[in-house]
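Engineer: For reference, the structure I am asking about is given below.
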Amino acid sequence: MSGAALGLEIVFVFFLALFLLHRYGDFKKQHRLVIVATLLAWYLCFLIVFILPLDVSTTIYNRCKLAVNSSPAESNGSYVTLAPSKQKCFKPWSYIPNGIMPIFWRVVYWTSQFLTWILLPFMQSYARSGGFSITGKIKTALIENAIYYGTYLLIFGAFLIYVAVNPNFNLQWNQLQTIGIAAANTWGLFLLVLLLGYGLVEIPRSHWNGAKRGYLLMKTYFKAAKLMTEKADAEENLEDIMEEVRKVSESIKYNHPLRKCVDTILKKCPAEYQERMGRNMDDYEDFDERQNSYPTEKSLVKLHKQVIYSVQRHRRTQVQWQILLEQAFYLEDVAKNETSATRQFVHTFHSQEPENKIIQYFYTPTVEWYWECLLRPWFYRVLAVVLATFSVIVVWSECTFFSTKPVLSLFAVFIQLAEKTYNYIYIEMACFLTIFFLSICVYSTVFRIRVFNYYYLASHHQTDAYSLLFSGMLFCRLTPPLCLNFLGLTHMDATISHKNTQPTAYTSIMGSMRVLSFIADGFYIYYPMLVVILCIATYFSLGTRCLNLLGFQQFMGDSEMTSDLIDEGKELIRREKRKRQRQEEGENRRREWKERYGNRDDSTRNRVVHTDQKESSFSETNTNRPLSKYTRSNGRTERDRIELLQDAEPLDFNADSINDDPLESDSGRYQPGGRYLSMSRSKIFDDV
């Protein structure tokens, strides 16, 4: 059973990481190495979070077994007995045999560190490079990372020289390894507290505001106004880049040595631009015959990089705009259905994607109304209260976890109470909920933050390769200090508890932090207290107000700029809604005419095809028909039938004259072109 628990979690975490990566990345268009590297980074970080509770329960069992088997004399030696010597220890259901966890943690930790400090930064530069060959991209990546790698090597080399020269230091390889781990964890802890302070406040507040329909709708209008500005900027930028590509494509002919580079750039352009540029590509003029200034390969590399970026940004804004429209329409439908007397949810527009029949069977309009209009707001309020309670417990424990007598950290109190009764299920659940909540606060902030267009995780497969790799780097740097912080909150870390007890397998690979006492006894203990200041700043939206003052529009209810953007977004949504309604009305009208007059139109078309063969008999038949059927008094019905007839057959633009409105021509006669031209000349429709 012990191996089964570990195996199930390994498989489950893999599919969880694969699902999230599929939501944000694009498996079809992005490079496979980017997908594999990002998946591996996310997978290892999530795996640490899910496996650590098993390590805690196994460590508690090993402590109990050691205390029971040891004599009182031995208990005062290397290990302290945590239970009476007569007490029996029960093996947990998820027990992992000795020797497995240290190897497992060592492989996971060092692989993640190799990814975050060496491989992923190199792949970032490789993915962002505009080179036309693998060698060129590798060369660009090495040049860009030379300063990055050189800085770390310079610092590490200076430290080694200082240790070698100073006789007071006698460091061994294990101690040097511990110093490197401590340096990486210190950098990660510095960033961890910043992200944690934001997530502890923003996550409960976002769920509480999620119960306010008016708030969500106003925020959606605000997002629409900002996204429309970004969308217009992306379209303008794409037009400018495509104009440069067109000029380069016209100047570099087919027999130019750099023509292959230009073809590579053209393949990255959207299809409509490729077709537009392809019309002028039949010029085989020799490039040597004209003394023109041709672009260099370096300028083409820069242009290639700009094309990749502009096309990705344009596609992302287009998809996000459609998603935001659907969200705005749905929120408006919720606001309308709240006062519905029938208690059935009515949508303004039908879903464009086919719905699952099973979900459609159970999630009926009545169920949807009760959930969206009654139950969902209360569910979000209750969830927000629960999350806020967790946040308060975390803040209190972060400020008091260094106190061992008395134990003030609530997480440590819960674990120690369960440890006395050896309730391993409770221990694992408490550990899992604690570290899972901490991970949600930190990781959700990573998914939310946006550094201009440099780093941005966009859902629905719209995240570029650079942002995916950057997120993998952040996860690998944040997860180890996050786990150490969790072990400190629960007093499972000997550095915090100051007890000479058996450590967990995770802390054993980290080494003893006593090598750097100012970090172990100072920074690791007192720096997490800053989370209180960050939580207060987030609660009063100080960061949002500062960004708003700097000119970056943020959603603030008491701002005049926010009100103007809400009004602008509301008008944009209203305009798109009218456009969507007109499209649906046109489709419904065409569908109705096809269903009602489909057979008559087919017979009309058959007569048109055989007009030249049966022209005389067709004229007699047309003369004997009642004129009222073709008169204009029939109004809109006859107009729609004629428009449908025009859509069905092509026009002859070589005709003498074609009127914009066939029903309002000067002669009062219908004179279409194309296949009906011969009929009009033979005066078939003179009576119309």
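Every residue, even glycine, has its Cβ placed from backbone N, Cα and C.
Keep in mind that TrEMBL annotations are predicted by a computer and have not been checked by a curator.
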Engineer: State the residue range annotated as coiled coil by TrEMBL; the candidates are 224-251, 280-307, 336-363.
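Structural biologist: Coiled coil, as annotated by TrEMBL, spans 224-251.
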Engineer: With pairs 6 or more apart in sequence, are the transmembrane segment (425-446) and the transmembrane segment (6-21) linked by at least 3 Cβ pairs under 8 Å?
Structural biologist: no
Engineer: Could you tell me whether the transmembrane segment (177-201) and the transmembrane segment (523-542) have 3+ CB pairs under 8 A, leaving out pairs under 6 positions apart?
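Structural biologist: Contact between the transmembrane segment (523-542) and the transmembrane segment (177-201): present.
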Engineer: May I ask for the residues of the chain that lie six or more residues beyond the transmembrane segment (103-126) and have a Cβ under 8 Å from a Cβ within it?
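Structural biologist: Hits for the transmembrane segment (103-126): 33-34, 37, 40-41, 44-45, 47-48, 51, 55, 137-138, 140-142, 144-145, 148, 152, 184, 466, 469-470, 472-473, 476-477, 479-480, 505-506, 508-509.
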